[in-house]
Amino acid sequence: MASDVTSGSPSYDEEAESTVQIPNITVNTNSIDHSLDAIENQLHSISLNTSIDERTSPSADYHLESASEINNGSLKENVIETRRNLIGESSSSRRSGLWATNLEAEVEVELEAEGDGALSSPSSSGYAGERGSSGSVSSASGTDGIRELRDNGSSMGDDGVLSLDSSEAQWIRGKRHADEDDASISWRKRKKHYIILSHSGKPIYSRYGDEHKLAGFSATLQAIISFVENGGDRVKLVRAGKHQVVFLVKGPIYLVCISCTEEPYESLRGQLEFLYGQMILILTRSVDRCFEKNPKFDMTPLLGGTDAVFSSLIHSFSRNPATFLHAYTCLPLAYATRQAAGAILQDVADSGVVFAILMCKDKVVSLVGLQKASLHPDDMLLLANFVMSSESFRTSESFSPICLPRYNPMAFLYAYVHYLDVDTYLILLTAGSQAFFHLKECRHVIRVETVLSKSNVLNEVQRSMSEGGLRIDQLPVDPSARSGSLFPLNQRRPAPETVVGIGGPAGLLHFIYRSIYLDQYVSSEFASPISAPAQQKRLYRAYQRLYASMHDKGVGPHKTQFRRDESYVLLCWVTQDFELYAAFDPLADKAVAIRICNRVCQWVKDVENEIFLLGASPFSW
Amino acid sequence: MPSRRRTLLKVIILGDSGVGKTSLMNQYVNKKFSNQYKATIGADFLTKEVEFEDRLFTLQIWDTAGQERFQSLGVAFYRGADCCVLVYDVNVQKSFDNLNNWREEFLIQASPSDPENFPFIVLGNKVDVDGGNSRVVSEKKARAWCASKGNIPYFETSAKEGINVEEAFQVIAKNALNSGEEEEIYLPDTIDVGSTSQQRASGCDC
């Protein structure tokens, strides 16, 4: 937390640092590449088993970009000069000129570096020592590499998908870099901005920076959107160099994403939809009426204290495949255990609860719903994010109005939330605001708790959480030797900490299997060489691109895709029943990879009782 | 976070081209003035934080282009404005005559809920020019017009000398604030599971 406060300028310093280390920057780009490689290699030697070539990674680009900008004095000056013309004259006056130039140049905001370190703020003091010794380690991946080393003991075994280990969770809670505005160099360098504003141009939310200081910027955005609307058209996407500006208009609410992450338009747009959904979850679409009556309406006070909800959602965009698969995932459990949990929930559901959900982090243990009521996976994601990112739910039983945008965006349900242990929580959704005391007092809830613990469900949940789910190195080699269960009787699986990942057969690195009927997916645990958060993020981005290309309405739907680049072989296979996304070593043989995919599918089918919630699917009522 | 609640006010500046809208804004926000005329294209946005009666405000100032070719931007620009500043040049009769058009245009486009009481403010700019000798619109005439339009506050300003600029914007903030007092009541519904929710639920795309 403390490190975030000072991050604005340090990220700049860091670039300066990197230029010192890299000679001949303006002369020969190849040499940069090589020196980058050298750095990466150095990093790899620090970070255990990292072997993936990172030359093409965004972080490497960032290296290059920033280095040349700083090194070449005149270039830098030009850039800044242009910025002044376009956007501001001095830091005290945040001015945004519109149509001073053409649209494209106007949005050419400079945002190369993310400082993302979504994980590692560039100024994180803890890494200073290591950085010093390894030379110019300033890329995000660099610090992540080191981070991996540091966290080795504590979080390596984690699923890494939405795992909020303590250091990650820390920054999620508050808004980051609240002191920035569009005149700050650090703000312009952020890789991905999300901004919400009203149709009168008043800022509602910004991922980075102070909303009020960004008033001029959001006015510019509104002017762009409205200008196009005036012409009877709609602006969806503006490309400006390597930046994409994606717009989403939801009645009186405008959402904008400015990104240089090279994610597909569809993905970014989907993320804006989630952001809007999260807002609806907190407020319902009743806010539309407020804007209808009074366009001046300022809704920021209504969203007070929800910064953490939005930042954690944004964080999950590159770490939780549910955000692009539109499916949910279950905690692996023995069939009988999940059945027991379901039966207990069913009991409560019979007493007037619309939905009863038992979750462990972002994974579903079990869920039941009122007849005919259906719960959309996207709603589940937003609900889980809301609960997990709101600190107050952890401390006591709570009752909060929430709206499920896919269920009914206009009205509130009421959520009774109770944490049973540090990761496991029960959500009961009711229709009445008076239900809290009923639920609290009534024996049902008390019974849920006692029964869950007596029936050992909670223990099993904790055990599964620590043991993890499907591991590629356990992919059955010989079909006849299949056990058909992840939970062989009386046999604890070795804890992941004790296993040094060697990757799966035939270079299989990771896979995601999405069942279309169940609206659920299962993803293998990450193992080396994809163990650092930055690598996982990159793989998710690759999956996301794959997903977008497979679902491209223009040319699709496709059945299979085989793609090889420097980092992976990616294989996607879509049938009526499932979608399989698999990543292999870049040298993997195509025929072998296909055979392995078949085996993965067989494996998933063999253990589907344990990795999916069957029969009780929210859609099967 | 115990920070005070801040209010954002959208302020639109309107008036013929060349009357000094941008200069007024620059003087107010940056305390700077340039003699060079640079036409605003489309619109320009500035923000300034002010403290007023122990409350914190951010003025989001929309400096629009005076040229007629930009008037098509209309609705989008004016929507949700908290205050509208009408500017004319005391040395140019036409710019004063046009105030009426600007005001009407604004009320049509922005269609505020209570047009009679929408907070306008009128600024007669460039009072410094030629020591006031080239002046063609008298203060009396201007005040009379303001009075006839529902007592619009009036200021004689000089963006160049910084005369009355601060004072004018103080009033702008104050008036915008007063008109913004009537807060919208946000009253969401609760789902009625018994009767309608089933249709509603099936209405979602699942």
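Cβ coordinates come from backbone N, Cα and C, glycine included.
Fair warning: this is a prediction, and the values are worked out from it, not measured in the lab.
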Review point. From A:1-20, A:21-40, A:41-60, A:461-480, which range did TrEMBL mark with region 'Disordered'?
Key: A:1-20
Study note, to complete from the structure: Residues in the domain 'FUZ/MON1/HPS1 third Longin' (A:507-607) per DSSP class, helix first, strand next, coil last, are 36 helix, 30 strand, 35 coil
Check your understanding: In the domain 'FUZ/MON1/HPS1 first Longin' (A:192-313), how many residues does DSSP put in helix, strand and coil?
Key -> 54 helix, 31 strand, 37 coil
Exercise for review: Tell me the residue counts in helix, strand and coil for the domain 'FUZ/MON1/HPS1 second Longin' (A:352-443), as DSSP assigns them.
Suggested key: 25 helix, 34 strand, 33 coil
